[in-house]
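Annotated features, as they stand in TrEMBL:
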TRANSMEM  A:12-28  transmembrane segment
TRANSMEM  A:34-52  transmembrane segment
TRANSMEM  A:64-84  transmembrane segment
TRANSMEM  A:96-121  transmembrane segment
TRANSMEM  A:133-155  transmembrane segment
TRANSMEM  A:182-201  transmembrane segment
TRANSMEM  A:227-252  transmembrane segment
TRANSMEM  A:264-290  transmembrane segment
TRANSMEM  A:297-319  transmembrane segment
Amino acid sequence: MTETILKRWDNELVIAGIAVLLLLPLFGMPPKTYLTLTIAGLAMGMLLFLVASGVSIILGLMDVLNFAHGALFAWGAYVGFSTFKLLEKWVQADSVLLNFGAFAAAIICAMTVVAVLGMVLERVIVRRVYGNHLFQILITFGATIVLVEMIRVIWGPNDDVMSVPLTFQGNWDVFDVIIDRYRIICILIGALVFGAVQLILKKTKLGLIVRAGVENRDMVQAMGHNIFLLFTGVFAVGAGLAALGGLAMSIFSLQVYPDMGSTYLLFAFIVVIIGGLGSVTGSLVGALIVGLSYNYVAYLVPWAAAGVNIIIMIIILLIRPKGLFTAGK
Amino acid sequence: MNDAVLKADNLQTYIGHHHILQGISFEARADAVTVLIGRNGAGKSTTLKTLMGLLPPSEGVIVYNGMNIQGKRPYEIARMGIGYVPEDMGIFADLTVEENFKVAKLKEDEATAGRLDRILELFGALGKFWHAPAGNLSGGQKQMLAIGRAMVNNISLLLIDEPSKGLAPIIVEALIEAINQIKEECVVVLVEQNFYMASAVGDYFHILDDGRIVHSGRMEALVDDEELKSRYLGISKSKS
Ligand SMILES: Nc1ncnc2c1ncn2[C@@H]1O[C@H](COP(=O)(O)OP(=O)(O)OP(=O)(O)O)[C@@H](O)[C@H]1O
Ligand SMILES: [Mg+2]
């Protein structure tokens with residue numbers, strides 16, 4: 001009996017347990033600092049989610065380890081960077097509408113360009129190495145080098161300063177808690193994307209086919225669905241989300257540089273492993289855990305910040321070898 | 001019309017470097033249930049996967065309704081009207097029963113809705129658990145879902161791999177009844193180790209051994225052939 005209850009509430013229990021653990025740092029710092037760090041952590045988590053969800057679905061559905069995801073992320077940032085350059089007046093204008101107009105334009109350009117790039121990548125390169133992880137790692141790693149070199153050729157080899165729309169700058173002061181505006185925007189974007197992806201996966205036929213494919217590729221094919229078309233589509237969506245992540249992250253960190261993808265790719269793989277392959281909810285929960293714990297630990301024990309996520313990953317894998325969530329959720 | 005709906009000729013299939021099917025030839029006739037039998041590892045499941053395009057043969061010809069289908073992709077073969085129930089049933093456990101059917105349906109027309117109604121009549125339990133995750137179904141219910149799902153499209157050939165595996169005798173009985181109804185609507189090719197079930201639904205049999213067909217004939221003949229049964233099926237005494 002208890003076992004069935006545990007099973008039924010499995011995921012809810014996981015989330016509750018994590019929430020309790022994430023409250024612990026409250027004992028080590030003033031509540032206001034905790035709030036500020038929490039918002040920073042949530043924002044970072046949402047950005048990681050954008051990158052990790054693509055990696056996770058591509059791995060879950062197609063069984064493809066895509067190391068080029070980081071380069072796609074950087075491409076998203078650079079396309080956004082150029083869009084902002086083109087719309088400089090809108091970016092600098094003292095108008096919420098124009099600021100958001102520039103942001104929306106950058107999102108659309110970055111996601112479209114990179115989605116097309118992702119489709120080409122899948123068709124030309126990844127399709128040849130389905131079923132072989134070693135070749136996937138090698139060939140997508142090679143693709144990363146090419147994509148990053150292309151960035152150096154097009155945009156130059158040096159760092160650039162990413163401009164930030166005027167509305168996104170500055171803070172709100174809510175009862176003496178300093179809240180960075182752009183962080184709230186990141187949290188909202190992440191929540192919106194999560195909601196949209198969930199809606200598609202749960203409510204549309206295409207989403208159901210993707211979830212079914214994560215569970216059993218062969219069966220989906222044997223039911224008359226062209227899995228290769230599906231793969232290309234999912235790859236394009238994953239690439240688009242990576243681009244959105246790259247754009248959002250570059251505004252957050254105020255810079256773009258050709259190699260920016262590699263750091264975040266490592267984080268994304270940690271998130272995917274924590275959350276469970278092929279699970280979008282898992283990616284979200286994993287990304288929030290990584291974002292929050294990184295921020296808490298960086299404040300409490302600065303020297304441990306870099307390692308904490310790896311430790312969390314190891315602990316979670318010891319308890320649940322397949323990650324927190326099962327595929328398809 | 002008594003011609004073959006499906007004709008396999010000299011199928012050779014490799015899995016990795018292993019030469020698994022070493023020349024499988026057989027026919028499935030219209031208005032009949034063809035049963036493939038043989039001991040574990042004989043190549044029965046591999047034969048169905050080869051027919052379905054999941055394991056493309058390196059040699060051989062598969063003719064279905066007069067068309068060559070070897071070399072076609074699984075989804076193309078499925079769209080030509082072949083339904084497939086794999087040995088592990090291929091249930092989408094995280095999806096509900098309803099969603100499993102949604103993924104299976106290739107069209108949303110009246111004919112499909114009519115077929116779904118008949119499937120739910122045939123397998124009443126499915127309607128009862130319509131909104132439950134398919135992973136929660138019992139073994140027998142999963143088998144019903146797998147078969148029902150495969151029949152929701154307008155198929156003319158149904159390939160079923162060992163449906164009786166791991167099921168209680170009373171459920172096997174129900175499955176026999178179901179297959180006897182299904183065969184009125186489409187041609188059935190069944191892989192079955194349970195000789196009781198094989199003989200209850202089959203009209204023709206082919207015995208596989210080591211990737212080849214070693215005996216074929218009408219089911220009645222096999223029922224009486226103690227020697228053949230004990231040699232290939234490990235049945236010592238007839239059970240009638
Ligand atoms: N993925 C694989 N790699 C290597 N060999 C395989 C693989 N799948 C099947 N085989 C081998 O192919 C042979 C035929 O397997 P198959 O599953 O077709 O047998 P079967 O007749 O369906 O047996 P069973 O009654 O146990 O289901 C077996 O010897 C098996 O070991
Ligand atoms: Mg088998």
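First residue shown is number 1, and so on along the chain.
In case you wondered, yes, glycine gets a Cβ from its N, Cα and C as well.
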Intrachain residues whose Cβ lies under 8 Å of the transmembrane segment (A:34-52), provided they are six or more past its termini: 25-26, 69-70, 73, 177-180, 182-184, 186-187, 189-191, 193-194, 241-242, 244-246, 248-249, 252, 264-265, 267-269, 271-272, 275, 283-284, 286-296, 299
Top partner of the transmembrane segment (A:297-319) among A:12-28, A:96-121, A:182-201, A:227-252 - counted as Cβ pairs under 8 Å: A:12-28
Recorded stretch that, among A:12-28, A:96-121, A:133-155, A:182-201, has the most CB pairs under 8 Å to the transmembrane segment (A:227-252): A:96-121
Long-range neighbours of the transmembrane segment (A:12-28), counting only residues six or more past its ends (CB under 8 A): 6, 34, 37, 285, 289, 292-293, 296, 299-300, 324-325
